[in-house]
Amino acid sequence: MLALFLSSSSYPTLSFLSRSVTLNLARTTTLSALTMSMNLKTHAFAGNPLKSKTPKSTDPFSPTSAFESLKTLIPVIPNHSTPSPDFKVLPFSKGRPLVFSSGGDANTTPIWHLGWVSLADCKVLLASCGVDLNEDSLVYLGPKLEEDLVYWAVDLAEDGFVSELGGRKLCFVELRTLMVAADWADQRAMDELAIAGNARALLEWHNVSQFCGSCGSKTFPKEAGRRKQCSDETCRKRVYPRVDPVVIMLVIDRENDRALLSRQSRYVPRMWSCLAGFIEPGESLEEAVRRETWEETGIEVGDVVYHSSQPWPVGPSSMPCQLMLGFFAFAKTLDINVDKEELEDAQWHSREEVKKALAVAEYRKAQRTAAAKVEQICKGVERSQSLSTDFNLESGELAPMFIPGPFAIAHHLISAWVNQAPDDVHSKQQAGVSLSSL
C-alpha cells in the first residue's frame, strides 16, 4: 500500500497543503479473494520513467541537444555508425499509440507493448505512405540514459503506415483500451502506459494549439515540441502544454460512517463514483471541492484533506491532459439535492455497501478481456475499439453496484476510505491515507 503521511498534530483546513509527505510502503490491505493483490507505486499514467530527470541543456540527451542531432539525421537514413544518442519513435494516429501484442494462449493473458520504431524505419515507412517526416513533426518525450536512447512521438493521419509494417502485427489502439488492458502488477506495463499518456497529451496539445490565441497567426514548435511560439514577429507569444486541473472528492458522513457516491448519465449501468469538477480561475483547491459538492448535491462541506493526484490524458481531445486532484471532504449537512443537469443520481452508501462493490467487481477479468481485445485488434480480427467496463459476479449475477477500476483515482479514494477505521481518514496523525492494495 502506498501511504501518504502528513506530519502534523492537527488539521486546519489550509495547513495540510504545506506538510511534508512521506512514502510508507510497508502496509498492505487485502479486500477479498476476488480482488487483485498487488502494490501500486503510482497511479496509472503517473511515474513516467522518461520524465524522472530532464538532462541539462549541455547534455547530449537534453531536448535542445537531441533536437540538434535529430535535425542532422532527418535528411539522411541513419546507419549503424550513427553517433550517440540513438532515437526511437512512437507513432500515433488519432490519439491512438502504435502497439503490438504477444504471449497470448489458452493459459496466459496477452501482453501489449508500445510499437517503437527506429528513426530510419519511421522515415522510410512514412515516405511509402506519401508523408514527409521533418523535425517539427516529432515531439521529445525524454531519454533513457542507460540505453543511450532518446524517445520521440509523432502524430500520423495515415493508417497505411501499419500495413507497411507487414508481419509485425502492430496496430493503433485507443489509450483507454490499453489502460484497462494493462496489468497493474507489471511495472513495465505501467511505465509504458505512463509514456503513452504523456505522448498523447503532448500531441493532442499540438493539435489544438496550431494558432495563436492572441493574434490568430500560426504557431510553430520550439524546444523539441515542449512549447510553441507564434509565428507573427510582432506577437511572438509563447504557448506551453495545457493541463486542466480537476478536483475529485469522496464526501464522507463521519457520524454515520457513509460515503457519497454519484452517477452520471454517461456511466455504464450500475457504476458509481466520486464527485468531480473543474477548478475555476481565482479559486483554491479547497474552495473548488466545496463549491462543486454544493452545486451538484446541495451538501455543505467543512474540512478538506488531500489524498493524491493523477494525470488523466484520456479525457476529451479538447483537453489534452487533466490533472485529477483527489480529496476527502467531510460533510456538514446530509440532505441531498441533485442537480439533474450535472448528475443522474447521488446517494449515501454505507461502508459495507461500498466494500461489496469493491469485492465483487472482477477487475482482473476486465483486464484480461481488454488484453485479449488488444491482441485481436493487432491480428486484424477485431475492428471495434469500443470496450465495455461492466463487471459481473463469478456466478454470472449482476453486482448491485461497482466503482471504477484501479486505473482511476476514484477507486483509490474509495478503497482508502473503505479500508480505514471510521476515524482514521481524519485522524490527527495521518491524512490522505492510501493508494489501496488491490
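Numbering starts at 1 and runs along the chain as displayed.
The backbone N, Cα and C atoms fix where each Cβ goes, glycine too.
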Which of these, Glu341, Glu342, Glu344, does Swiss-Prot say binds Mg(2+) 3 at the same site as Glu292, Glu296? Glu342
Return the residue out of Ala276, Ala331, Ala357 that Swiss-Prot annotates for the same Mg(2+) 1 site as Glu296, Glu342. Ala276
Scan 211-232, 277-298 against Swiss-Prot and say which stretch is down as motif 'Nudix box'. 277-298
For Glu342 (substrate binding site), which residues in the same chain are close in space, meaning a Cβ under 8 Å from its Cβ, but six or more apart along the sequence? Gln264, Glu295, Glu296
Determine, for the Mg(2+) 3 site, the additional residues of the same chain whose CB lies within 8 Å of the mean position of the CB atoms of Glu292, Glu296, Glu342; present them in sequence order. Leu275, Gly277, Thr293, Glu295, Thr297, Asp339, Leu343
Extra residues within 8 Å (Cβ to Cβ centroid of Ala276, Glu296, Glu342), Mg(2+) 1: Ser262, Gln264, Leu275, Gly277, Glu292, Glu295, Thr297, Asp339, Leu343
Whole-number Å distance separating the Cα atoms of Cys212 (Zn(2+) binding site) and Gly277 (substrate binding site) is 27
Alpha-carbon distance [Cys230 (Zn(2+) binding site); Gly277 (substrate binding site)] in Å: 31
What are the non-local neighbours of Cys215 (Zn(2+) binding site), defined as same-chain residues 6+ apart in sequence with CB under 8 A from its CB? Cys230, Asp232, Thr234, Cys235, Lys237
CB neighbours within 10 A of Phe278 (substrate binding site), counting all protein chains shown, number 13
